[in-house]
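Quick look at what Swiss-Prot lists:
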- Arg48, Leu49, His50, Ser51, Glu52, Gln69, Glu91, Gly92, Arg93, Thr113, Thr148, Lys153: GTP binding site (BINDING)
- Cys53, Cys64, Cys66: Zn(2+) binding site (BINDING)
- Asp125: active site, proton acceptor (ACT_SITE)
- Arg127: active site, nucleophile (ACT_SITE)
Amino acid sequence: MSVNFVDSCRLPTHLGEFEMYGFVEESGQEHIMLTYGEITPDKPLLIRLHSECLTGDSLFSMRCDCGYQLETALENIVDAGQGALLYLRQEGRGIGLINKIKAYHLQDDGADTVEANEQLGFAADLRRYTMCKPMLEHFRVNKVKLLTNNPKKVQALKDLGIEVVEQMPIQVGRNQYNHEYLNTKAERMGHMMTHGLLSDLG
């Protein structure tokens with residue numbers, strides 16, 4: 001896959017100052033990578049692969065855990081003194097924003113997150129991670145510590161020839177609105193959920 005680096009800039013945030021790098025696929029799809037600290041290629045890099053979630057990341061939705069995970073991942077990277085966030089433009093697990101709204105409507109009517117996708121004619125998860133290899137290669141990184149609950153992300157990187165030396169769960173944001181969503185991700189999509197995430201809210 002051809003993924004080209006375009007440009008970079010400083011990105012000051014309330015957590016600290018990151019460097020933001022822009023990448024574009026041949027298809028025109030854009031992705032960004034935020035780095036913090038000095039990237040040393042011979043050292044496993046703490047990273048998060050985060051797929052775009054407008055509702056969670058920008059609109060503070062409590063229907064998912066995405067926004068909570070984004071914030072926590074950046075905090076962990078800053079605390080570690082070094083790391084990167086790959087922000088991938090594949091909204092709604094790859095089905096797009098409008099279809100995500102349709103899926104949410106179906107969930108309002110009783111479907112779970114997997115059933116909603118299937119009723120719309122989609123697989124439960126259409127995301128891909130092939131763009132991550134050239135993005136990481138831009139920094140000569142081939143060993144990572146991955147912040148994720150999703151074993152498919154671990155396997156995807158391994159399939160790309162990237163060594164995942166550690167999977168670090170990022171279990172945050174459980175609330176009354178996303179409790180069943182998190183249950184479904186654990187039970188039907190294989191996500192790691194512990195610390196009472198599967199217990200009843202009390």
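Cβ coordinates come from backbone N, Cα and C, glycine included.
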Cα-nearest neighbour of Arg93 (GTP binding site) within the listed recorded positions, Cys53, Cys64, Cys66, Arg127: Arg127
Among Arg48, His50, Arg127, the most crowded of the recorded positions [Cβ within 10 Å]: Arg48
For the residue listed as 'active site, proton acceptor', the number of other Cβ atoms found within 10 Å of its own Cβ: 18
Secondary structure of Glu91 (GTP binding site) (DSSP, helix/strand/coil): helix
DSSP-derived class (H/G/I helix, E/B strand, else coil) of Cys64 (Zn(2+) binding site): coil
Same chain, 6+ residues apart, C-beta under 8 Å of the C-beta of Cys53 (Zn(2+) binding site), given in sequence order: Ser61, Cys64, Cys66, Gly67, Leu70, Glu91, Gly92
